[in-house]
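Participant: Copied straight from Swiss-Prot:
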SIGNAL    1-29  signal peptide
REPEAT    43-82  repeat 'TNFR-Cys 1'
CARBOHYD  ASN54  N-linked glycosylation site
REPEAT    83-125  repeat 'TNFR-Cys 2'
REPEAT    126-166  repeat 'TNFR-Cys 3'
CARBOHYD  ASN151  N-linked glycosylation site
REPEAT    167-196  repeat 'TNFR-Cys 4'
CARBOHYD  ASN202  N-linked glycosylation site
TRANSMEM  213-235  transmembrane segment
REGION    339-349  region 'N-SMase activation domain (NSD)'
Amino acid sequence: MGLPTVPGLLLSLVLLALLMGIHPSGVTGLVPSLGDREKRDSLCPQGKYVHSKNNSICCTKCHKGTYLVSDCPSPGRDTVCRECEKGTFTASQNYLRQCLSCKTCRKEMSQVEISPCQADKDTVCGCKENQFQRYLSETHFQCVDCSPCFNGTVTIPCKETQNTVCNCHAGFFLRESECVPCSHCKKNEECMKLCLPPPLANVTNPQDSGTAVLLPLVILLGLCLLSFIFISLMCRYPRWRPEVYSIICRDPVPVKEEKAGKPLTPAPSPAFSPTSGFNPTLGFSTPGFSSPVSSTPISPIFGPSNWHFMPPVSEVVPTQGADPLLYESLCSVPAPTSVQKWEDSAHPQRPDNADLAILYAVVDGVPPARWKEFMRFMGLSEHEIERLEMQNGRCLREAQYSMLEAWRRRTPRHEDTLEVVGLVLSKMNLAGCLENILEALRNPAPSSTTRLPR
């Protein structure tokens, strides 16, 4: 048995075979392609197009702002173009038969006109300040106010086509670029993840670990700061705690503090007796400067037969020269005294009172304006100068004597006082002061009253 035949089926198959055998160019010729126009333009160089009726002719395109009226009649001839009328435009070279209509900014979309339509460009529409463009389609947009980020902070500011990006504070969540209170959050919404507080353990542990690290550091820094302030005050004001001062500052206790328990008037030294030639409590004036150290002769009163002119340091008794209470009357009420001198036969060696007279003569011989400079040359530190000044703030003369006495205690015993003083005064261009000092030691001028301190 053969296959059943359907009337007309054979004829349809034959026609289909004939169509498949036809060349593809013939098929495409039946349906014009969308890119025909571009293919035709590609046959001509840039800036020209194919004549609409003669494919062998390439005509020049019309400039922007114009449109095509008629093609060029022949190669090398100009195309006939005409300028666009008001309300129309062409934004590039073209061979359009008519210009494009200008668009209008839509007020219902809150659009504003940025620049008007011209023959060579379309109208430019935009938004007002603090607005952005929300596109409803590829060409249509609506102007929307930028979010002010209330109850939050601005992460990314508002741009031309993008709203503000906000970071909401605690207790708020982000909904359509606005921070909304968590009280408006309903169950089974995405905001529940943002509004629910984190687990208690996650919050507590970091705080505990941070506190455990920071608290000891804060306590340690506080103790260091208090210790520094305490040491600074003790070194600055040593009268407060003399024992602590001597331990911390590694400096001997100030002389006044050491001798505070002694009587106001110390007993006279066995090597010293009142005479009419010398009084250690008196100051000696220094009228001027004249000669160096070596050129000044020594008076017989202070010669080697009477006392050691420059005794060793170990023979100096600090209590005789350093205690400012002995000379407190010089800073308060003038008291008449008699002139004293040495006795040769009873006491052959009197180094303590001799140094006392020399130191007071130096105090009176150096100008007060250059006293600190003098003591720096003698080797006293700035700290010690200030300390002795504060201890003897009531009397400048006693402060100067305390500085000299402190220097004398630390001077090697083989160095004598006047020789060192003379060298220092020479460096300071005050060598003449030594002559005045020696003159005061040779001839102490008797007076009825003690000279007031400077």
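Just so you know, the numbers here start at 1 and follow the chain as drawn.
Just so you know, glycine gets a Cβ as well, placed from its N, Cα and C.
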Participant: If I restrict to non-local contacts, at least six residues apart, and a C-beta distance under 8 angstroms, what lies near ASN54 (N-linked glycosylation site) in its own chain?
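Facilitator: Looking at Cβ-Cβ distances below 8 Å from ASN54 (N-linked glycosylation site), excluding near sequence neighbours, one finds none.
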Participant: Cβ distance under 8 Å to ASN151 (N-linked glycosylation site), same chain, sequence separation 6 or more: which residues?
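Facilitator: For ASN151 (N-linked glycosylation site), the qualifying residues are CYS168, HIS169, PHE172, CYS179, PRO181.
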Participant: Along the repeat 'TNFR-Cys 3' (126-166), what average pLDDT does this model show?
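Facilitator: Summarising the repeat 'TNFR-Cys 3' (126-166) by its mean pLDDT gives 91.
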Participant: Counting by DSSP, what is the helix, strand and coil composition of the repeat 'TNFR-Cys 1' (43-82)?
Facilitator: 0 helix, 15 strand, 25 coil
Participant: Three-state secondary structure of ASN151 (N-linked glycosylation site) from DSSP?
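Facilitator: Its secondary structure by DSSP: coil.
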